[in-house]
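Over in Swiss-Prot, the protein carries these features:
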type	residues	note
DOMAIN	14-85	domain 'KRAB'
CROSSLNK	LYS273	SUMO2 cross-link
CROSSLNK	LYS289	SUMO2 cross-link
ZN_FING	354-374	zinc finger
ZN_FING	380-402	zinc finger
ZN_FING	408-430	zinc finger
ZN_FING	436-458	zinc finger
ZN_FING	464-486	zinc finger
ZN_FING	492-514	zinc finger
ZN_FING	520-542	zinc finger
CROSSLNK	LYS534	SUMO2 cross-link
ZN_FING	548-570	zinc finger
ZN_FING	576-598	zinc finger
ZN_FING	604-626	zinc finger
ZN_FING	632-654	zinc finger
ZN_FING	660-682	zinc finger
Amino acid sequence: MEARSMLVPPQASVCFEDVAMAFTQEEWEQLDLAQRTLYREVTLETWEHIVSLGLFLSKSDVISQLEQEEDLCRAEQEAPRDWKATLEENRLNSEKDRAREELSHHVEVYRSGPEEPPSLVLGKVQDQSNQLREHQENSLRFMVLTSERLFAQREHCELELGGGYSLPSTLSLLPTTLPTSTGFPKPNSQVKELKQNSAFINHEKNGADGKHCESHQCARAFCQSIYLSKLGNVETGKKNPYEYIVSGDSLNYGSSLCFHGRTFSVKKSDDCKDYGNLFSHSVSLNEQKPVHFGKSQYECDECRETCSESLCLVQTERSGPGETPFRCEERCAAFPMASSFSDCNIIQTTEKPSVCNQCGKSFSCCKLIHQRTHTGEKPFECTQCGKSFSQSYDLVIHQRTHTGEKPYECDLCGKSFTQRSKLITHQRIHTGEKPYQCIECRKSFRWNSNLIVHQRIHTGEKPYECTHCGKSFSQSYELVTHKRTHTGEKPFKCTQCGKSFSQKYDLVVHQRTHTGEKPYECNLCGKSFSQSSKLITHQRIHTGEKPYQCIECGKSFRWNSNLVIHQRIHTGEKPYDCTHCGKSFSQSYQLVAHKRTHTGEKPYECNECGKAFNRSTQLIRHLQIHTGEKPYKCNQCNKAFARSSYLVMHQRTHTGEKPFECSQCGKAFSGSSNLLSHHRIHSGEKPYECSDCGKSFRQQSQLVVHRRTHTGEKP
C-alpha cells in the first residue's frame, strides 16, 4: 500500500469539491422544493461515484454540505440581497474557498493497478471527476430549463386567453420567477458544437451490464413533448440535427436530446413491456404508453375528452374561433400554435378517430364540444347577463362586451377588436384583399359570409322562410325585417319627431329630413339626394336608361314603381278604394286626391292669384298660365304647349293617328277626352249643370258659353 501511495504525486489528489456543484445564497433561494430535492439526489449520487473510485469521503460530510446549503437559504431569507448584483462576488469567493480546501483535503487514490503508470491513474481519476461534475451541472441545467420552458408556456397561454382558462397543475404550480442558466459553467469542448442546445447532456456512464443502453426508434418518450417536432419526423426517417454521442441516436429537438441523455445517467426502474425499453423517469413511461396503447391520461375540463399529453391538452383548451393561425395543408386543419401544427402528423395517422353519431363528422379529440351543436347544451353561463355558451372560449369573448376590453388593435387606424379573427378581417379593408371569389362570375369578397350570400343569386336559394305567409328570403335579416310587416313592430324611433320605422336604414334616411343632409351628389348636374337609390334613378334621366320593360306592350320605364303601376292598365287592378263612395283607383295618390273632393280640401294654392287646387300637378299646370311657359314644342310646326299631353295630341294632327275608337258607332278620335265626350251622346249624360237656371250640358265648354247669357259677358 505504501509503495502504491508513492506512485501518485500529491497534486494528483481529488477532493469532493472538484466534482460537486455549489450554489450561492441567491441561486439556492431561486430553486423550489422539487429542484432542491433533485440537487440532493445528484449530490448523493456524486458521492457514491467518488467512493466507487476509492476516494475517501464520509457520508456525514455530504450531509453537512447539504445542511450548509440549507443554512445559506435561511440566512438569505433573513437578510435578502439582490442576487444579480452579488452573483459575480459570490462566484469569486467560491473559487477562493475551493482553492483553499483543495490544499487541505487531499485524498489518496489507491485502486489503480500496480502495472499502470501514475500518469494513467491520474488521467482516469480526472476524467471521471470531470464527467461527474459535468453530469451534475447538466442535470440541474435540464431541471431549470424545463421549468423555464413550462413557465414561458404558462405566461403565453395566460396572455393569449386573458385569464379565461384554468391551466393544468403542471403549469399552475410553477414559481413566478425562476433561476436562469447563465450561472452554470459552459459545457466542455466535447459538446461545443451543440452550444445552441443548452439542455444537451453528454454523460458517458454505461449500464449495469457495461454496455450502452439501446434506444429503440418507436419506444422513446420525452417529458417536454410540446417542444418536439414529434415522433412523426423520426418514424418517417427525417434527418435530425441533434445526435447523442454515446448511443449514436439522432433526436429531432434539443429538449428531446436533453431527456434522452438522462436514460444513460441514472437508474432505470420503469420498464415499457411493449418494446422492452427502459425509461429513467416515470413521466417518460407514462407518456410512452399512450403511444402504444392509445390510452389518454389527461382529461379536458371543458368537454371531458382525453388527450395523451398534458401540454397538448393546454393547447386543445386554447383553441377557439379565429385563433388558429397554423394550418395543415394535408387536412386543412388549423392550429393555435406551431407545436400543435407539428403534432398534426401524429393525428393524421390515428386509426380510430372520434366520430359524431348524429352527423358522422370525425374528430381527433374534444368531440363532445361538437355534439353540443346537436344537443343545444350550453354549460358556460355569463354571471352578468345570464347568456350561455357551448364553449368556455366563447364565454371569454362575450365577457369582453361587458368589460369593454378590446386587446387586438389595428396598427394602421388604431381600431380595436375583441377577437383576433375580427382584426384580421378588418385589415383587409386597408390591404384591399378579397380572398373569397365566386366561381360563377369571378366576383371577389373580403368575407366568406358575403360570398355565401352572393352565391344564392346564382343558385336561387332562399333558405329563410316566413311561417306566416310562406315568403322566402336569401338572407336572415331580410326575414327578420319582413316579419315586422305581420307584427307591426317598428323598433326604430326618431328622437326628434317620434316617428317609428321597421328598419334602421329607414330611420337613418328619415333623420336626414331633419338635418337636411344630402350626401349623394350627381356628378353631371350637381343635384344632391338623401339616398343612394334616388341618385341612381336620377342618373337615368341623363343616360336615358329605362331598364324596366312591360312584357305585355314592351313599354319601358326608368323606375320599377312606374312599371308596376303601368301593368295595372293591362290587369285592370285598382287596389285603392274610397271608403265614402266605393270608387277604386290604381294608384294611392289618386285616392288621396279623390278624397279631397269629399272634404273640399284644396291644399295647393297659387301665390299669384290665390286659386287653390287639390292636386300639386294642377297647381303646376296653373302656374304656367302666369309664367306663359310652354316647354313642350312640336318638331314639325314649332308650336309650343304647356303640357306634354297637349303636345302628344297635337302631333296626331300631323300623323293622322286616331287611336281612341267608339265601341258603339266606330268613330275614332285623337284624344281620350274627345272619346269620353262622344260617349255622352250615346248615353245622354250631361254632367255640367248651370247653377243659375239648372240647364245641363255634355261638355264643359258648352256650359262656359251658356253662362255668358246670364252674366252678359262678351268674349
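Glycine is no exception: its Cβ is also placed from the backbone N, Cα and C atoms.
Sequence-distant neighbours of LYS534 (SUMO2 cross-link): residues of the same chain at least 6 apart with a C-beta under 8 Å from its C-beta are TYR520. Taking DSSP states H, G and I as helix and E and B as strand, the zinc finger (436-458) has 11 helix, 4 strand, 8 coil. Tertiary neighbourhood of the zinc finger (660-682): same-chain residues 649, 652-653, 698-699, selected by CB-CB distance under 8 Å and a gap of 6+ residues from either end. Residue counts for the zinc finger (464-486) by DSSP state, with H, G and I taken as helix and E and B as strand, are 11 helix, 4 strand, 8 coil.
Residues of the same chain lying 6 or more positions beyond the ends of the zinc finger (548-570) and with a Cβ under 8 Å from any Cβ of it are 537, 540-541, 586-587. Summed and averaged per residue, pLDDT over the zinc finger (380-402) gives 89.
The stretch with the most CB contacts under 8 Å to the zinc finger (408-430), chosen from 436-458, 464-486, 492-514, 520-542, is 436-458. Under the DSSP three-state reduction, LYS534 (SUMO2 cross-link) is assigned to helix. Tertiary neighbourhood of the zinc finger (492-514): same-chain residues 481, 484-485, 530-531, selected by CB-CB distance under 8 Å and a gap of 6+ residues from either end.
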